[in-house]
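Only one structure is covered here, and it is reproduced in the block below.
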Amino acid sequence: MTRTLDLMVPLLGLSLGLALSLPRAVAADCGSLGRVEHLAFAPVPGTEPTAPRVRAPWPLDSLYGTVRRFLSVVQLNPFPAELIKTLLNDPSSVKTDEVVRYEAGYVVCAVIAGLYLLLVPITGLCFCCCRCRRRCGGRVKTEHKAMACERGTLMTFLLLTTLMLLIGMVCAFATNQFTHSQTGPSVEAVPETLLSLRGLVSDVPKKLQAVADQFSSPQKQVSKDLDGVGENLGNIIHNQLKSTVYPVLASVHGLGQALQVSIDHLQSVNATSVELREGQQHLGPPVQAHRERLLALLQESWCHENCKGALSQASALQLGADFSQMPPVDDVLHRLQGVPEANFSSMVQEENATFNNLPILVHMQMVSVVKDLKKALAEQPEGVRMLAQAFPGSEATSRWSQALEGLEQRSRPYLQDVQRYETYRWILGCVLCSAILLVVICNLLGLSLGIWGLFAREDPSHSETKGEAGARFLMAGVAFSFLFAAPLILLVFATFLVGGNVQTLVCRSWESGELYEFVDTPGNLPPSMNLSYLLGLRKNISVFQAYRQCKAGTALWKVLQLNDSYDLDKHLDIKQYTHELQQELQSFKVDLKDLDLLNPAARQNLEALQSSGLEKIHYRDFLVQIQKPVVKTDMGQLAKELEGLAQAQNESLRRQQLQEEARELRSLYQEKVVPQENLVAKLNPSIRVLESSAPKLQVNTSDLLDIVARLKGELPAQLNHILRNATECFLTREMGYFSQYVTWVREEVTQHIATCQPFSKALDDGHMILCDMMANPWNAFWFCLGWCTFFLIPSIIFAVKTSKYFRPIRKRLSSTSSEETQLFHIPRVTSLKL
């Protein structure tokens, strides 16, 4: 039974292995190579993105909109393109009436300012003379019923006017200081902006070279991956082929075990058959002799009644099985002589070791390929190497730098003058704001003391110091108002004229695009101010188009008129470079000549088994004879019968004969029959195993030989298919590093290095500096100061009117007449000199 299991287990494993060893379609396993790592490229110096210049929010920002709306009412005329064109090209031919017509709103404001400048000081002078002669600004002549209402109304209007002056003065102070604080940084930002633009083209080659040098990053990463590519590819091949190779090797191992077990059984059958035949030849004569003697003895007259059972058994005492009828197996054994010559277990272990060492084998075979790949990898692609040298910017760089340098040099004196005059304006603004503050203080003190004096005075005709002091403070405020009215209106109009024209003529047209349209129209600018030429723009691109394209991130060579066109995509086309690497790697083939799966000795053993005819042996003939007893009768039972008969005999001679026959029969059974029975018992399992396994063994042997032969032809192609897929995966990953570099370079060049965004940013910064940081607070300053200046007039009127009520009222007779009653003087008698 144990021998049967020893053969059935290998056969079951062999059948399963043959089923699993059929070739399968192999899919690419790219995940085993790992993901593409993210390459970190060093930022190129000087390409750090600069945020656009923005103005910090200010609490009085809402005031800017009010000023702009006021200026839009003052200046209703559109942008004077023809007037500016004439002014720039031929200043002497500019007609005054055209200027006046365009500046009509400002002329009206100038007339108003002139009237203010003329009338207010003259009025102040007249009022001063009148006060000196005590004819103006005196007292209330009479007390009447509506006096309290008039006084309250005047004080209310004066207080409101003073509050308006106070608000305007605070806003004027704030805008004056804010304008001064913004002017310095704004003026300093102009040369900084021009200086940054000078390097817009000249610094590009140096930055491009820095970008080209970083091609070493993907080179280093790919070189690092190449160090382990052989082992990685070998692991992929091993993982893909093990589902094919391992079952075949397991089948070979199982078939070797089955072959060994079958030969052992066959040898046992052959040896046992020979012994059985020889033993039966020696057993037949003594059995026949015993039978004849027993029949003669038991058929005598004395044994008619008592010997029927023994006689029946003695009659059956003859050979049962005829072992000479069993077919010979020595011919099959002769064909299997020396089998198994190969050590299948050792062979399978060696093949397993060879297959498991596949990663090392591939690595060793790829050493020369990796060396060649690294040598080719160390070289830079032609396009990347010439990335900086091919940039055609020499002429444009010179023209651009000269234009910006000239503009910077010409602008410095004007910028210094702007700072100097701004300082003067700031000082004068502080002085005049202080004067307005003085007027406000005088008004507030006058109102406070005057009201206090009114409550403290019992009789309106009585003089009271607090009321008198209040009236004097109000008159002092009036004096200061007349005194500072002229410088106030002059400063307001001067700043209004400058700031208003900057806003309406420059900023408004800049925002609407009319300024760009004027600059781009041929003939509007003199030849020396041809911006398209000075900036080196392409002939078909205007300044406004350049601004819009640069704001969108267009590259320099698409906007500037460079020496030659610059094709970035052509320089970043590294397909030729990567194609050489791909071709070198894809041409690699793995040689698996050491992996045989079945060595020649094992193949000969299996072929010998296949042609041995093991399955053709008539095992049924063996079973027919094995199932028969060696002797038909039970010799032990017959011996007992004879011994019983011997005990029943009275005659000693017969008793002795029967006992002797029984003893000899037992002896024959033990010496001849029992060994034959043992041989039959030994032969039975071997025959049954061979009967059931020999056909399967032959089929599996044929299948295994066919599969091994087919795999020997298909395995190289399957291996190369796996290698090709794995190589594609490896190349895809490595090309990903070069793609990262190309993407980074394209983004770096187009968005940071060779982008003309600094040009549009400079224009936006210029608008921010001129209009938002300087013009807006400047205009807010004169607006607030003008507010205060014109509120001085109602302040003067209400202060003069109110001051009368703070002085004592003159007495008059009880009369309803409005005229003052003259006191009657009684004439005195005087002595006359004669």
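Quick reminder: no glycine exception, Cβ is built from N, Cα and C everywhere.
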Candidate set Asn270, Asn343, Asn650, residue annotated N-linked glycosylation site in Swiss-Prot: Asn270
One side of the membrane in Swiss-Prot: Phe79 and Ala469: no
Matching range for Swiss-Prot feature annotation, coiled coil, among 219-256, 371-408, 561-598, 637-674: 637-674
For the transmembrane segment (435-455): best-contacting stretch of 107-127, 154-174, 473-493, by Cβ pairs under 8 Å: 473-493
Asn270 (N-linked glycosylation site), number of other Cβ atoms within 10 Å: 17
Residues from the same chain, set at least six apart from the ends of the transmembrane segment (107-127), whose C-beta lies under 8 A from its own: 74, 100, 136-137, 478-479, 481-483, 485-486, 489-490, 492-493, 496-497, 789-790, 792-793, 800
